[in-house]
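Each remark here refers to the structure printed beneath this line.
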């Protein structure tokens with residue numbers, strides 16, 4: 001029987017499947033951070049259980065860390081306690097930890113792939129909704145809750161029901177200045193923020209195959225923002241080139257064996273999907289969100305829609321509420337909207353390719369008066385690579401703040417946050433009410449669009465560079 005990539009990955013990891021029970025899957029990799037793990041470790045301790053396979057669990061500190069200092073006390077007592085608990089738990093249970101002073105420390109969904117911890121064909125879980133990022137490598141990766149974190153620590157398994165399958169094909173070539181962020185925002189704009197609920201989504205098509213691994217990670221990172229359980233891209237030569245030689249990647253003969261297996265990880269030509277969505281890549285323009293979920297998005301050359309334009313009463317009410325929160329009027333263009341802050345970073349867009357794209361826009365320009373712009377690399381290795389290329393100097397000379405690795409302003413769990421009423425051009429993944437700080441207003445964009453907004457003090461269409469001041 002023909003199978004989709006998701007079905008192949010799922011079936012390869014079944015430990016136990018019996019009638020009237022949710023199948024039990026084996027988990028190859030478990031990623032842990034300081035926020036969703038303390039109660040799970042406490043549960044193990046209370047029950048007297050060890051971590052079943054500590055060598056398959058990797059931990060880092062990212063959500064609560066300061067991006068201005070390595071001082072564990074910098075972000076307050078709760079952050080300090082959570083990080084201290086993670087250090088204690090990893091030491092006690094024998095888990096590898098990339099702590100604040102480790103050169104590999106960074107955002108969990110950045111360090112997994114760059115260290116080769118993430119490999120094609122794996123099942124990967126983390127107590128974080130954006131675990132879908134790792135699906136860019138053809139691995140089945142999804143976020144789990146704290147009780148499930150404990151279950152995986154204790155057994156290296158997890159009960160997981162089969163999901164429906166969705167194929168999203170992006171046909172043709174994208175235009176100039178169009179990035180993976182624009183592609184995925186355009187997809188979510190078409191499906192809506194709940195269009196993928198109950199599905200595992202496989203992204204394919206010429207435009208997807210042309211993406212770098214960084215771009216594919218951006219794409220899969222936001223699969224959750226359309227409601228999907230996970231996102232997938234079939235591994236190919238781009239994947240293998242990226243993986244070769246990384247710390248935890250197979251070496252020598254094992255590498256050749258691994259690649260031979262990885263090449264089988266693709267949907268069969270006659271595989272059946274529950275739903276198919278097609279997008280014409282040539283029609284995708286630079287995207288900017290206007291509302292309070294990622295599906296409320298428009299092309300930069302479009303006007304903000306009126307609530308009356310939505311036939312669905314729920315969508316209409318959501319649009320009315322979003323416009324009120326964002327203090328925007330229907331019918332205007334986002335190029336007319338001034339911004340206060342710019343955030344370039346997050347597990348969506350903090351990799352070296354993202355920073356290069358932003359630096360290319362920033363070079364030779366200055367951040368607009370009254371705008372604060374921060375650039376936060378996703379990991380220690382990304383920071384080191386960017387500094388070796390001189391990107392930090394480009395940003396600093398342009399008036400951007402160059403920070404230390406961490407989740408930063410993606411979420412209001414550290415010192416980087418918006419004040420009430422502040423408007424931010426952000427390369428992160430969520431524009432919910434209060435996501436970046438109570439009363440803060442978030443517009444999701446690509447790194448290049450964010451850098452251009454910082455320079456101009458408002459959004460511009462980066463396809464027309466003459467707009468850059």
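A Cβ is built for glycine as well, from the same backbone N, Cα and C atoms used for every other residue.
According to Swiss-Prot, the protein has these features:
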type: BINDING; residues: 347, 407, 410; note: [4Fe-4S] cluster binding site
Practice task
Sort residue 407 ([4Fe-4S] cluster binding site) into helix, strand or coil using the DSSP assignment.
Solution key: coil
Problem - Other residues, Cβ within 8 Å of 347, 407, 410 Cβ centroid ([4Fe-4S] cluster site) - result: 62, 63, 107, 109, 130, 345, 346, 348, 350, 406, 408, 411, 428, 429
Handout entry: DSSP three-state assignment (helix, strand or coil) for residue 347 ([4Fe-4S] cluster binding site)
Key = coil
Practice task
Select the most exposed residue of 347, 407, 410, where exposure means the fewest other Cβ atoms within 10 Å, treating these as the binding-site residues.
Solution key: 347
